[in-house]
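Have a look at the structure below before the remarks.
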Amino acid sequence: MHYADIIVDISHENLDKSYQYSIPEEFREEAIIGALVIVPFGKGNRFIKGYIVDISETAKWKVELIKPIHQIVPNGLVIESQLISLAYWIKETFGATMNDALKTVIPVKKSVKSIEKKTIRLAISAEEAGNYLEVFKKKNNKGRVRLLEAFFSDSDEQPQAIEELDYELAVNKLNIARTTIQDLEKIGIITTKVERLYRNPLSNRETEYESILLSKEQKFIADEIIRDYKAGFRKTYLIHGVTGSGKTEVYLEIISSVIKQGKKVIMLIPEIALTYQTVMRFYKRFGSRISIMNSRLSQGERYDQFMRAKNGDIDIMIGPRSALFTPFKDLGLIIMDEEHESSYKSENPPKYHAREVAIKRGELSGASIILGSATPSLESYKKALQGEYKLFTLPSRNGEGRMPKIWIEDLREELKKKNKSIFSLHLKELIQDRLNKKEQIILFINRRGYAGFVSCRSCGFVMKCPHCDVSLTAHNNGTLICHYCGHEESMPSKCPSCGSKYIAAFGTGTQKVEEMVKKEFPEARVLRMDTDTTKTKDGHEKILSAFANQEADILVGTQMIVKGHDFPMVTLVGILAADLSLYASDYRAAERTYQLLVQAAGRAGRGRLPGEVVIQTYQPEHYSISAASNNDYDGFYKQEMNYRDLLKYPPAAHILAILIASKDENKAIFAAKLLGGAAKEWAETEQITEDTIIIGPAAAVLSKANDIYRYMIYVKQSDYKYLILLKNYLEGYINFSEHFEMCNVQFDFNPMNSY
DNA sequence: AGCACGCCGACT
DNA sequence: GTCGGCGTGCTC
């Protein structure tokens, strides 16, 4: 016998509960995950709608109490069905529970109650109501009395009723039962009304037609994709366009064509990357038929935006990765801007990557996918080169902008010149020059992934793990630890490469840079942008607009300033320590460094004035730095791909990260060792030991958080499906063994962030 | 959301 | 007794 887990009346019920029904033999074929069904429910066996979310052969409930599915609605593959199948795919692919997957895919109405305003009104005159009130008082109908009295203002003899009463208030504060309100409604004394308050982040605006002239390259790409689309092809495209090449114009052109064909569009953007300028461009072109979500939106507000989409009130949804689940009925296109961004990977379960999910949704809904980036992820570029995605390039800047001139300054040379300041002589000179010319400067500190690595100030040598080729992390007790394999060694007193004693843990903060700038250039007006100064609600926006209005000469900040902002008066970008992010202890360090450098350099010379970029580094010879300075993505890709191939890091192979966390350190270590052993045994029984690399267990980079100890195991395998099998196997193992009671184990496929 | 059950005060 | 109002819990 087959059984189906069914969620009833999705939009209302909370998704924690599913009910199991048996599948009659004649429905076996049609009963697929996502199907819309009719089932008998409750004591009266009244028929209600539901969706199949899972199918199994075991009954989780008393078999004699399981009812059969009454009917499977034909062509019931409505939008909810699509999203449920998507949830199931996410569950299978990224290893999560069906519940978690469903919750991310379908917005729950529960939290929406505050947005959906339900009110109670009197259906009769105040006078009549007064009469009823007297009757109820005599009969001692406390609930009814409380409800009616609420309509009259305090101790006023004259029956002067207030117009409406908040439903929530009546139920919670006045303690009136749902049934009481229903009864009164039946008698005809009151009526209830639901009002949905939609809120639109920006108010309606006239659509000014801004006709954009596309460059030849832009037009070529837009035309190709539009032609494919009209011919009925649904593909995945990768647009590799240098910073400032005008990818947005290409998107706009394609979007308007897709909308003209009656289809809807989802545009994904990385968190906080959406600037006011971009929003306005979309509004100007598409007016109020777009909706914008941001990560600050409450669940209720998000639900609201989704309902507008479902009702067909909008054509375009713009937002972070959760916008991917917008319930558009006829989705035609998903655009993913800055596809390399790590915020597209969810950090809590289900730990899905929006790129993979977008492609799957495209497949289910019949939509094309466009990925865009100035610095594509290796994953995407590899697929593009293999022909799985169609690749387009925009090699030059659009309009007035020219690619900036890039200088590399070797910081080891500066030390030889006895320049101990954080600015190279050349950078100082250029800063002074821009201050004189009243042009603007951005100073960028690369703090990404910084985790106390140890480097030599004299030769730039960095202490690395002999087994994993990631940098070692300095701990307070004077040892250096590799967070991939657990290798340990003691802190050297002099540099193993050149013998200099200038070897130490490294780091520079934004405040320190700000101080140094003020000391060196007392006349400059400086703005600082980091997590400290952007804590307030629109601190972010304030600093950026102040800088855009030229209220400051120099903007000092971390990676948050490199995201797609357009400051035409910026003609100099200084990257103070380009290699800092190279030594993050994870395999994506070089890729991230390349991305940061290119994006940061991309801020210079976006207006009429030509720009210059100074990259300061201890490692000018490193390929990620030299490639970034020459804008040589292909060169970078080849080198980095070599490294990944050699060490079997993604996309050369797939990696499963297993986090074992426990309050008790010994239990965490013990559990981690058990899991490591189980993984090894599993690989042996599957006969894939040659192709499976198990690393660890070792302490995580964040080895202890909130008094919880964290250990990691990494498993590398070229075939993704084996990693899923392994995860299922280990989950079974954990359930079976009693050594995991005090432990929390989490799985992450192809992680983007280090643990 | 609907339905039933159990509790309580009021009235036959 | 028993009826109607009220509050609560459950639905595979």
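Cβ coordinates come from backbone N, Cα and C, glycine included.
Values in this document were obtained by computation on a predicted structure and should not be read as measured data.
Quick look at what TrEMBL lists:
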- A:228-394: domain 'Helicase ATP-binding' (DOMAIN)
- A:Cys456, A:Cys459, A:Cys495, A:Cys498: Zn(2+) 1 binding site (BINDING)
- A:Cys465, A:Cys468, A:Cys482, A:Cys485: Zn(2+) 2 binding site (BINDING)
- A:490-644: domain 'Helicase C-terminal' (DOMAIN)
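The structure, with features from TrEMBL marked on it.
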residue  : record                : DSSP class
A:Cys456 : Zn(2+) 1 binding site : strand
A:Cys465 : Zn(2+) 2 binding site : coil
A:Cys482 : Zn(2+) 2 binding site : coil
A:Cys495 : Zn(2+) 1 binding site : coil
Subject >> Spatial separation of A:Cys456 (Zn(2+) 1 binding site) from A:Cys482 (Zn(2+) 2 binding site) - C-alpha basis, Å >> reply: 18
Original post:
With every protein chain in view, how many other Cβ atoms are within 10 Å of the Cβ of A:Cys468 (Zn(2+) 2 binding site)?
Top reply: 21
Subject >> Winner by Cβ contact number (other Cβ atoms within 10 Å) across the binding-site residues A:Cys456, A:Cys465 >> reply: A:Cys456
**OP:** List nothing but the one residue from A:Cys459, A:Cys482, A:Cys485, A:Cys495, A:Cys498 whose Cβ has the fewest other Cβ atoms within 10 Å; the candidates are the binding-site residues.
**Re:** A:Cys498
**OP:** Could you state the whole-number distance in Å separating the C-alpha atoms of A:Cys495 (Zn(2+) 1 binding site) and A:Cys468 (Zn(2+) 2 binding site)?
**Re:** 20
Original post:
Between the binding-site residues A:Cys465, A:Cys468, A:Cys485, which lies closest to A:Cys498 (Zn(2+) 1 binding site), Cα to Cα?
Top reply: A:Cys465
Original post:
What is the average pLDDT across the domain 'Helicase C-terminal' (A:490-644)?
Top reply: 87
Original post:
How big is the Cα-to-Cα gap, in Å, between A:Cys468 (Zn(2+) 2 binding site) and A:Cys456 (Zn(2+) 1 binding site)?
Top reply: 20
**OP:** Take the C-alpha atoms of A:Cys459 (Zn(2+) 1 binding site) and A:Cys465 (Zn(2+) 2 binding site) and report the distance between them in angstrom, rounded.
**Re:** 18
